[in-house]
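Asks: So that we are looking at the same thing, I have put the structure below in C-alpha cells.
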C-alpha cells in the first residue's frame with residue numbers, strides 16, 4: 001500500500017528521516033508487505049541521520065566501522081512514491097515479483113479459481129442440510145387400536161389448542177384413553193353427551209403419528225424428537241456449529257504446518273467420510289457426534305481452499321475469488337439442497353445423496369497444486385519452482401532460466417520479530433472499542449443469517465421452494481456487496497444493508513395472515529440485506545485493524561460469528577411459542593447493529609493501518625500515544641498521523 005497512498009508506508013517499511021527516498025544512494029528496502037508473516041513486525045531500519053552520527057542517506061556499519069551509503073533497492077518511499085523493485089542483482093525479491101511472469105488471468109489461474117471454488121459446493125448443502133434432515137412434520141399423539149374407541153371418539157381423542165391464531169389438534173397431549181373407552185362403550189357422544197373441556201388429559205404414552213405430506217422420514221420421526229425431547233432438534237444443529245467453531249481454531253494451524261493442499265483434501269475426506277457414517281446412525285447421540293465432526297471438516301475445508309486460492313492467485317484476482325468465487329459457489333451448493341430433498345424424502349437416502357458428490361473431488365488432487373508461497377516458507381524451493389514451471393507451461397509462457405534463487409528471497413525467519421497477543425486488541429481504548437463493536441456486529445449478523453436460513457421450513461407455502469429462494473437470493477446479495485465495496489463507503493453501505501434486513505423483518509408481524517406471499521417476500525428481503533452485510537463485514541473488519549494484529553482481530557470477530565451461529569437454532573426454536581417472535585428479535589438486533597455500524601470509522605479510500613497507533617479513530621475517542629517513541633515519530637512524520645484522523 002506504501003506506493004499507492006501519500007503519507008503512508010507499507011507494512012514493515014522503515015520511516016526515512018533523511019532526504020527523499022529514491023534520490024541518490026540514500027534509500028533502503030524493507031521486507032515486502034506480502035511476505036511478512038502475520039502478527040510480526042518487520043526488522044527495524046538501520047539508524048540514519050542524527051541517530052547514527054552519519055549524514056542523511058548513509059547507514060552505520062556494524063560495530064565501529066565508518067558510514068557507508070546503502071544502494072537503492074526499490075520499495076515504497078517514505079512519501080508514498082513507488083520506486084523500481086530491482087536495481088541490482090543483489091536485490092531481495094518477493095514472491096509477487098518472482099511469479100509476475102505468469103500473468104494474472106492465464107489458463108492456470110482460471111483453472112485454480114474454478115476448481116477451488118467448485119470444492120466449496122458441498123459445503124453449501126452440508127452446511128444447511130439440517131433444514132431437511134431435522135425437519136419436524138405435523139404430528140399428534142398416537143391412539144392404539146386396542147383402545148376400542150368408536151370413530152367419533154377416535155376423532156375427538158386429541159384436544160384442540162390455539163396456535164398461530166387458529167385451533168389445531170394438540171401435538172403433545174390427548175384425552176385419557178381409559179375414560180374415552182368407557183364413554184365409547186356406554187354409547188355416549190363427544191360434545192353433546194360429554195363436555196370435552198372437562199376431561200382429564202395425558203401425554204403421548206403410545207408415541208406419535210406423523211404427517212407424511214412433506215417428509216417421509218427425518219431424524220425427528222426416527223427418534224421422536226418432539227414434545228419433551230424437542231430441545232434436541234436445535235441442539236443437533238448447534239452441535240454442528242460447535243464443530244465449525246472447533247474447526248476454525250485448528251484449521252489455520254494445521255494448514256500452516258502440513259500444507260494448504262494436504263489439509264484441504266484431508267478435511268474434504270473428513271467431511272465426506274463422517275457424513276457417510278452418519279447414514280448408519282442408530283441413535284440421536286451417534287448422529288449428533290458425527291454431525292459435530294462433519295462441521296469441523298466443513299469449515300476446515302472452506303478455510304484451506306480460501307487460503308490456497310488467495311496465495312496462488314494474483315492481486316487483481318484475489319478479491320474476486322474471496323467474494324464472488326467462494327461465496328457464489330457456496331450459494332450454488334445451497335441451491336442444490338432443496339432439489340435433492342424434493343426428490344429424496346427419506347433422511348438416510350438424502351444424506352447419502354448429499355455425501356456422494358464429495359467423491360468427485362478426488363481427481364482434483366492431481367490438478368490443484370500446493371501453495372508455492374507455503375513451500376518457499378518451508379524452504380522447499382525446488383517443489384515451488386516445479387509448480388511455477390508447470391503453471392507457465394499451462395499458460396503457454398516460457399519461464400526464466402532461474403525462477404527461485406534462495407539467496408535472493410528474504411529469510412523472514414531471520415528477521416527480528418515482535419510478537420503480538422490477543423491482549424493487544426485491548427491495548428488502547430480505540431482498538432478495544434473497535435474490537436467490542438466488531439464482536440457484537442459479527443455475532444448479530446451471524447444470528448440473522450443462519451436464523452433465517454434455518455427457519456425456511458416454518459414459512460408459509462412449500463418448504464422446498466422457500467429453501468431454494470433463500471439460496472437464490474444470496475447470489476444478488478454477494479454481487480451487490482461486491483459492487484458496494486468497490487464504489488461506496490463501507491460504513492454507510494453496511495448500515496444500509498443492515499437497516500434493510502432488520503426493518504423488513506420487523507414489518508412481517510404487520511402483514512395480514514392471508515397475504516402469505518408478502519410475508520415470504522419480506523423474509524427474502526431480510527435475508528438479502530443480512531447476507532450482503534455478512535459479505536461486506538469481512539473486508540470492513542480487515543481494513544479497520546492494523547497489519548500487526550489484523551489476523552487476530554478478524555479471528556476474534558470470526559469466533560463471535562461462530563457463537564452467533566450456535567445460538568441461531570434457538571431463535572428459530574422460539575417460533576414454536578410465538579410465530580413472529582424470532583423475526584422481532586432478529587429484526588431488532590439487526591437494526592441495532594446497523595446503528596452501531598455508523599459509529600465505526602470509515603476505511604474506504606484510506607490506507608491500511610500498519611501499527612496500532614495508525615488505526616482510524618472511533619468517533620468520540622481521542623488518540624493517545626502509547627509511548628514517547630510514538631510521540632517522537634508523530635512529530636517527525638506528521639503527515640502519516642494526519643492521514644489516520646477520523
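Backbone N, Cα and C define each Cβ position, glycine as well.
TrEMBL does not curate its annotations; it predicts them automatically.
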Asks: Labelled transmembrane segment by TrEMBL, one stretch among 350-368, 369-387, 388-406, 407-425. Can you tell me which?
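Replies: Range annotated as transmembrane segment by TrEMBL: 350-368.
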Asks: Choose the correct range: of 181-204, 205-228, 517-540, which one does TrEMBL annotate as transmembrane segment? Give that range.
Replies: 517-540
Asks: Taking all residues of the domain 'Major facilitator superfamily (MFS) profile' (179-605) together, what is their mean pLDDT?
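Replies: Taking every residue in the domain 'Major facilitator superfamily (MFS) profile' (179-605) and averaging pLDDT yields 84.
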Asks: Counting only residues 6 or more past its boundaries, what in the same chain has a CB within less than 8 Å of a CB in the transmembrane segment (320-344)?
Replies: 113, 116-118, 120-129, 131-132, 302, 305-306, 309-310, 313, 350, 353-354, 463-465, 467-468, 470-472, 474-475, 478-479, 481-482, 485, 535, 538
